[in-house]
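J.: If you scroll down you'll find the structure; I have some questions about it.
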Amino acid sequence: MDWVEKYRPQHLQDVVGNSGAVRQIYEWAQDWSRRKKPLILYGKPGTGKTSSAYALANDMNWEVVELNASDQRTKAALEKVAGSGSTTASLSGASRKLILLDEADNLHGQADRGGAKAIVEIIAAAQQPIILIANDYYSLTRELKAVTEPVQFRALQARSIVPRLRQICAAEGVACDPAALDDIANRAGGDMRAAVNMLYAAAIGKEHLAAGDVHTSAKDERSTIFELVGATFKGKRDADLLRMAVEVEDTPDAVEQWLEGNLDHMPDLASRAKGYACLARADEYIGRTYRRQYYTLWRYASAVMLLGVADAAGGHGVHGRIMPPSRWQKMGASKKQKAVRAGLSRKLSEMTHIPQDALREDFFTAITILVEQDPAKYVREFELDADELNLFIHDKARATKVVKEVAKEEKAKAKKAPAKGKDAGKGKKSRDDDPPADTGESRRDPPPGQATLF
Amino acid sequence: MQMDGNHTIWIEKYRPRRLDEMVGQKDIVVRLQSYVKTGNLPHLLFTGSAGIGKTTAAVALAREFFGDSWQMNFREMNASDERGIDVVRNQIKEFARTSPLAGATFKILFLDEADALTTDAQAALRRTMETYARTCRFILSCNYSSKIIDPIQSRCAIYRFRPLDREAVIEETRRIAAAEGLTVTEGALDAIVYVASGDMRKAINALQGAAILRADIDEKTIYEITATARPEEIDELLDLSIAGRFDEAEQALIELTRVRGIAPNELINQCYRALVQRDIDRTLKVRLIDALGETDFRLSEGASSDIQMEALLARFVLAAERHR
């Protein structure tokens, strides 16, 4: 058995790092009732999501029913397995069944048509605790986010990975140099599973693990892209630069961004301009590569940008720190923005029976004007959340406030008319709409008449 | 299966059966042998360019793990044949979940060109790998590990195969030449190393091609059979262009393409290799490589190679002139 499985934590207290997340899971399970929202554990690979879920089930003596992307996840298939698991009691005497939906962000494939919707439906009908697992929170559908509670898992620190590796070595009877373990922990990039796999690959069959024994590659080669950028600005030999470019295994478009992000290390404006000219030319080759699926062109991109930037820098070197492309951080934000925009566009399109591209091109301005005039009305009408409203009014604070107020009103209304029974109330009773500041300033909007658009 | 010696393809005939027969990749071979010794194997990811031993290593590993029953417990699939999610959900899962045969503790699935799998298929694969880890280990191979999704990389021990060096190519060429009763001159060995540029398959194919013509193999035969220009000829072509002697450069080009029948793409490849190595001013070098890239792109778009190749020389001449 490989070590990742062998040394998977059995109890929540054995999970390394992410103590906040682990506590949140524990508390959720302690007083679990049908009214609680399912958890969605999200974060990078190897940070302990699946392990925590299994450890929890073990601690609670719950049985686990797992579904992942390797199973067909159409609506029917999901209902067959998770549907029954979530409504019928367990036979094996375990107190409950924990439904585990792994890779919840991977439901968009053709073959899983209807899967995302099925999950939401199963959540609504479930009688058993459910945990969803995802890598990318922002790619989840809005509907799914609305009925779940997020728990974030962060990348692990190298210093918290090391003790775990040491434990494993001790259990396997392998003596190891601390330097080797540090090396592994640093190269793992916050991924415990990668670290354990590397340790396994390096240590298996050995009695002593020395510092130089770590031959397998880390999955992440960031450290060498730093070297590549440094060597380019320092003007190392052409053949060396191109060899390094192959070794870092970052695609030329990533290398391009790294170079661009560090062009301000150029000694003067003229050389910076020269550097940009080469990057722009390389960028053309990259575009052509993808457009035509002709990967031979990659080498011209690499050569033109690396040698070109090296030429422009004139061996000047990098003074100061080599920074990762700042665009990447911005991209994280704009990715979210894009997801919000796409979700909104889909929703409006369904409501108005107008195709999405027509909506975007011809109607968005008109809708924006209407929403600006009376945000609360359209928050109700379109069921907007704060992010979506913000797309129209570009004022995050105000958007949050308006949405909160509308939610409060709806709640008050629901209380006044409890006739609908518990089903209607259940969805609303979430933890996050705490009573907001209650100065009765909330604007009295016209009665919920039909807000017309066009 | 075994075909008559004359007709067998040598890359199969001489594919190393055991790990210790492999040339090159010594670090990796040692690690793989220790898996065999302990009877334990994690999932593996082999990355690197073509012809440098990824498939050979996987097959040899399986042979050593399973002995005679290796074919029962080893399956090779090429992901670029079927790239969709269904192949993971059906074929791969089917193989992975049935129990190993003949007393083996697990099976090995070798998935070649795994970077050709769609992202959806890779996502499905990652859990299959974990779920059936008891009965099946995966060896994935790919050219670029950056095309493999992170969660899978996280589940594998990653081995980066490097292009084979000169010594490795020569060693293997000599071994095969001896077994086939060929004599190979030193010049021919150099030529094979040049033609192969780190790819053992190319080296062996060149040797087998040459052996059809004659048993005494010299460099001329190698360049001829592989339709490759000699490095000196490429250097001359570049020298003439950079010196501004367009007419002579044009003659050299015509000799190579029309008389010797060397494909324009091959010429471009060779010029690229020569230019990268060449000791000239960087600004000029970037311009020349750029001209090469532009020509390569235009050819790939279907432009006429005669005109584009001559225009390439003209660009070389102009770039050099402007630079002086």
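Residue numbering: from 1, along the chain as shown.
Backbone N, Cα and C atoms are what each Cβ position is placed from, and that goes for glycine too.
Sharing the record's features from TrEMBL:
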BINDING   A:GLY43, A:LYS44, A:PRO45, A:GLY46, A:THR47, A:GLY48, A:LYS49, A:THR50  ATP binding site
COMPBIAS  A:420-446  compositional bias 'Basic and acidic residues'
DOMAIN    A:35-150  domain 'AAA+ ATPase'
REGION    A:405-454  region 'Disordered'
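Can you tell me where each of these features sits in the structure?
T.: Sequence-distant neighbours of A:LYS44 (ATP binding site): residues of the same chain at least 6 apart with a C-beta under 8 Å from its C-beta are A:ASN135, A:PHE153, A:ARG154, A:ALA155, A:GLY190, A:ASP191.
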J.: Could you tell me which of these binding-site residues, A:GLY43, A:GLY46, has the greatest number of Cβ atoms within 10 Å of its own Cβ?
T.: A:GLY46
J.: Does DSSP give A:LYS49 (ATP binding site) helix, strand or coil?
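T.: DSSP assigns A:LYS49 (ATP binding site) to helix.
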J.: Which has the fewest other Cβ atoms within 10 Å: A:THR47, A:THR50, the binding-site residues listed?
T.: A:THR50
J.: Would you mind listing, in sequence order, any of the binding-site residues A:GLY43, A:PRO45, A:GLY46, A:LYS49 that have a CB less than 8 A from a CB of chain B?
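T.: In terms of proximity to chain B, the binding-site residues that count are A:PRO45, A:GLY46, given in sequence order.
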J.: List the residues of the same chain that sit at least 6 positions away from A:GLY48 (ATP binding site) in sequence and have their Cβ under 8 Å from its Cβ, in sequence order, or write 'none'.
T.: A:PRO9, A:VAL15, A:VAL16, A:GLY17, A:ASN18, A:ALA21, A:VAL22, A:PHE153, A:LEU156, A:MET192
J.: Tell me the Cβ contacts of A:PRO45 (ATP binding site) under 8 Å, same chain only and six or more apart in sequence, or just say none.
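T.: A:ASN135, A:ASP191, A:ARG193, A:ALA194 - these are the non-local Cβ neighbours of A:PRO45 (ATP binding site), listed in sequence order.
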J.: Which chain neighbours of the ATP site, leaving out A:GLY43, A:LYS44, A:PRO45, A:GLY46, A:THR47, A:GLY48, A:LYS49, A:THR50, have a Cβ atom within 8 Å of the mean position of the site's Cβ atoms?
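T.: Nearby residues not in the site list: A:ASN135, A:PHE153, A:ASP191, A:MET192, A:ARG193.
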